[in-house]
Amino acid sequence: MGLSSPTLILAATVSLLGGIVFGYELGIISGALLVLKTVYQLTCFEQEALVSAVLFGALLASLIGGIIIDRWGRRTAILASNLVVLAGSIILIATSTFWWLIVGRVTIGFAISISSMACCIYVSEIVRPHQRGMLVSLYETGITVGILISYAMNYFLSGVNESWKYMFGLAIVPAAFQFISILFLPSKPHKLNFWEQDTDDGFIELEETGEAGEFKPDTYDRQYTFLDLFRSKDNMRTRTLLGLGLVLFQQFTGQPNVLYYASTIFQSVGFQSNSSAVLASVGLGVVKVASTLIAICFADKAGRRILLLAGCIVMTIAITGIGIVSFTVKMDSHRDCGSVTGRNMSSGESNVSQLLGIVHAETSTINTLDNSVHQLAMAIRSPSLANSASSNHKDLISQNSTVLPASPELPSNYTILNWITLLSMMAFVSAFSIGFGPMTWIVLSEIYPADIRGRAFAFCNSFNWAANLLITLTFLDVIASIGLSWTFLLYGVVGLLAIAFIYFFIPETKGQSLEEIDKQFSTKRILQKRETSKGVGKRPSSGPPYQRIGKASPS
């Protein structure tokens, strides 16, 4: 094993705790909002602003976070993000005004976005090639666990006086543990991949004996500017296009909006009592956790490319199935948001409410349970999670029902179609959790040179957030233009394009060091790389594998 067991455990802990903080912060607002909207007499617009504040903070972090990560280091960025989580939590606990709540949530969003990028990059650099996929995927598991913990806290603290302060404050606990854990890990982990890759010597021991300064690989001699991402130097333009393709297809396959209709689908198959809704949410949570565990187990065995392809194929089939079935199973796509106060909203506020609202259930109890369904379903990579969390919380601020409940008198074939829809949605969630969810971020943490990896990762991440916003804010217009069924079918077409993109352009990176991956991208074209990816898993005992590839494809 490349890393000593304590170091490996610490690396896994850092990845897991980072995901827990991310998931908890996105999920906890659902319970807190139930109290806050009464305490502060919030309008719909104010509730939506409070929920969306995390999203805007995260988007801001994705724009400037790469500079922080590359200039001050991955570990420093993670440590700083924990301190920012602490600051944001204190603001939320101590505040007595609505606008300070906004400031606190924006601060939290900024922190968890920085942490998510830095964690994925840091862990990918500190572990051996055969461990990288598993440990980076642990971040996804942490997100799922964090959301489940937030749901439990929402339940247990619901009757406590000023419960929202405790809800926000508990985020300090996992952040503090992550802060302590990472103090025992090296500050410059990328050197680990250069040293004695087939022995048990790790970076920490080499740094202590001074051996790390005797050799500096030329990969880290190279300096890059941000503009190099768009130039042909070392095939950087190709790498950028690959990263952008992955994050854009991750969003444009419709993943956020499909899950906005989870409550409608559950109601259409008869989950209308409290116990049934809880069962549905638990079932979806089990599917999510199981799928994430599958991704962890097979990321370094089956490989990133295989899981991306398999996940995207299942997603395409599932979303197409939902589209076809929804021609028969009527689901009301109307969105509404009712204010808890008597204050009038401006037309602008009303428009924002319509754009950001989702399908609502009939009672506040069902709203809360549907909210948990969304949270469990959306335990995925950073931007996707943030937007889904927004949808969850907006369930809570609804007062009017627009769901068409299933009737017990419906014919059996109609019931079968409802269940097909439900199973298709679960398959979609599962496939995303195995493929696009974790694999996108593993690949992004691998394909860029170390000197610009943070900025490149953040650049792609900003497009992910932007695409997530775009697809959400245009969803109503698309439905109004072509209908809900055709919207889902359109996502299916995008899924087909994503399959082609992955098949023809995404290489396999399992089993390779980050330096070998960088060399391959620097010395040959992407199509050549894909053709040779079948032999990637077994590296020669000496000498870099790209030499053999170069002989096969002389330029």
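Glycine is no exception: its Cβ is also placed from the backbone N, Cα and C atoms.
Quick look at what Swiss-Prot annotates:
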TOPO_DOM  1-15  topological domain 'Cytoplasmic'
TRANSMEM  16-36  transmembrane segment
TOPO_DOM  37-48  topological domain 'Extracellular'
TRANSMEM  49-69  transmembrane segment
TOPO_DOM  70-82  topological domain 'Cytoplasmic'
TRANSMEM  83-103  transmembrane segment
TRANSMEM  106-126  transmembrane segment
TOPO_DOM  127-132  topological domain 'Cytoplasmic'
TRANSMEM  133-153  transmembrane segment
TOPO_DOM  154-165  topological domain 'Extracellular'
CARBOHYD  Asn161  N-linked glycosylation site
TRANSMEM  166-186  transmembrane segment
TOPO_DOM  187-240  topological domain 'Cytoplasmic'
TRANSMEM  241-261  transmembrane segment
BINDING   Gln250, Gln251, Trp441  D-glucose binding site
TOPO_DOM  262-277  topological domain 'Extracellular'
CARBOHYD  Asn274  N-linked glycosylation site
TRANSMEM  278-298  transmembrane segment
TOPO_DOM  299-305  topological domain 'Cytoplasmic'
TRANSMEM  306-326  transmembrane segment
TOPO_DOM  327-415  topological domain 'Extracellular'
CARBOHYD  Asn344  N-linked glycosylation site
CARBOHYD  Asn351  N-linked glycosylation site
CARBOHYD  Asn400  N-linked glycosylation site
CARBOHYD  Asn413  N-linked glycosylation site
TRANSMEM  416-436  transmembrane segment
TOPO_DOM  437-464  topological domain 'Cytoplasmic'
TRANSMEM  465-483  transmembrane segment
TRANSMEM  486-506  transmembrane segment
TOPO_DOM  507-555  topological domain 'Cytoplasmic'
REGION    528-555  region 'Disordered'
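Overlay of Swiss-Prot feature records on the structure.
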{"residue": "Asn161", "record": "N-linked glycosylation site", "Cβ within 10 Å": "8"}
{"residue": "Gln250", "record": "D-glucose binding site", "Cβ within 10 Å": "27"}
{"residue": "Gln251", "record": "D-glucose binding site", "Cβ within 10 Å": "25"}
{"residue": "Trp441", "record": "D-glucose binding site", "Cβ within 10 Å": "30"}
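Highest Cβ contact count with the transmembrane segment (306-326) among the listed stretches 49-69, 133-153, 465-483, 486-506 falls to 486-506 (criterion: pairs under 8 Å). Counting only the Cα atoms, the space from Trp441 (D-glucose binding site) to Asn161 (N-linked glycosylation site) is about 40 angstrom. With Cβ pairs under 8 Å as the measure, the transmembrane segment (16-36) is packed most heavily against 133-153, out of 49-69, 106-126, 133-153, 416-436. Note on the topological domain 'Cytoplasmic' (70-82): DSSP counts are 12 helix, 0 strand, 1 coil.
Taking Cβ pairs closer than 8 Å, the topological domain 'Cytoplasmic' (299-305) reaches residues 130-134, 136-137, 438-439, 442-443, 502, 506-511, 533, 537 in its own chain, all 6 or more past its ends. Among the residues the record lists as binding D-glucose, namely Gln250, Gln251, Trp441, the two farthest apart have Cα atoms separated by 13 Å.
Outside the transmembrane segment (49-69) by six or more residues, the chain places 25-26, 29, 33, 36, 42, 77, 80, 98, 101-102, 105-114, 117-118, 121, 356, 382-383, 386-387, 389-390, 393-394, 453-459, 461-462, 464-466, 469 with a CB less than 8 A from a CB of the stretch. Across the topological domain 'Cytoplasmic' (299-305), the DSSP tally of helix, strand and coil residues reads 2 helix, 0 strand, 5 coil. Model confidence over the topological domain 'Cytoplasmic' (187-240) is summarised by a mean pLDDT of 57.
Looking at Asn161 (N-linked glycosylation site) and Gln251 (D-glucose binding site), their Cα atoms lie 39 Å from each other.
When secondary structure is read from DSSP and collapsed to three states, Asn161 (N-linked glycosylation site) falls in the coil class.
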